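According to TrEMBL, the feature transmembrane segment maps to 12-44, 50-68, 80-98, 104-122, 148-165, 214-233, 239-257.
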Amino acid sequence: MSAFPDLTAAQWSVLVIAAVFVGIAKTALPGLATLSVALFAAVLPARESTAVMVPLLIAGDLYAIWMYRHDVDWRTLGRLAPAILVGLGTGALVLWRIDDAGMKRMIGIILLLLTAATLWMMRRRGRRGPGRGAGTARTFSRSPVARWVYGSLGGFTTMIANAGGPPMTMYFVASGFDVMRFMGTQAYFFFLVNVTKMPFQIGLGLISAHSLRLDAVLLAPLVVGALAGGFVIRRMSTTVFDVLVIALTVFSSVFLLF
């Protein structure tokens, strides 16, 4: 820790907790990733916190794609790819036009509206009964409108605030994915998106030897979180998983408003 004399013990504690949350988010509860973003930003300057987070997110993604390597839905990812790329490009452009506070509030409002719409669709699906509900979920995942709305928002929010989890969480939940398929598809989605973001971070000079040293220190708590998440997820029903994921998404969205 002597390599980082500017950080207090309390700040280190917050960063360690945030790293554990990243690990858990990658293998069990995606909504915790947005809370990690907020914790990093509370300790480090905004630009530096982004630089530190992206390599950590990729490290968590690597563990997650190995853990869920047999559960990915490549067809869904392929269908989402064009919308995600548009969202990433739009996010890069908007970064130059709006301040951090305004951007976070805008994301929070969008995500709350998106969550409300998703819950409404899920409620309609539930009223139609098990068989017809499953059919509605498959139709939703194949809907071009849904792909473009959720995919572009996922790319947009992850580019500007490392907050792409909530839109994609809502998309996969509304699509009726079971727990393992949800986590596997999401793992590959975020790995590909975060790797795509790296050239932007390097080009802007945000990633430095200092930020990478900090990443190296925080790698151990991230692994602890990933292992804990892996233990929990295999003992969690789809119903409980959906409730926790939606609750964390709402909490994270509200958190961004302030």
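Backbone N, Cα and C atoms are what each Cβ position is placed from, and that goes for glycine too.
Across the candidate stretches 12-44, 50-68, 214-233, 239-257, the maximum count of CB pairs under 8 A to the transmembrane segment (148-165) is reached by 12-44. Long-range Cβ contacts of the transmembrane segment (12-44) within its own chain (Cβ-Cβ under 8 Å, at least 6 residues beyond either end) map to 1, 4, 52-53, 56-57, 60-61, 63-64, 67, 161-163, 165-166, 168-169, 183, 186-187, 190, 214, 218-219, 221-230, 232-233, 236, 244-245, 247-249, 251-253, 255-256.
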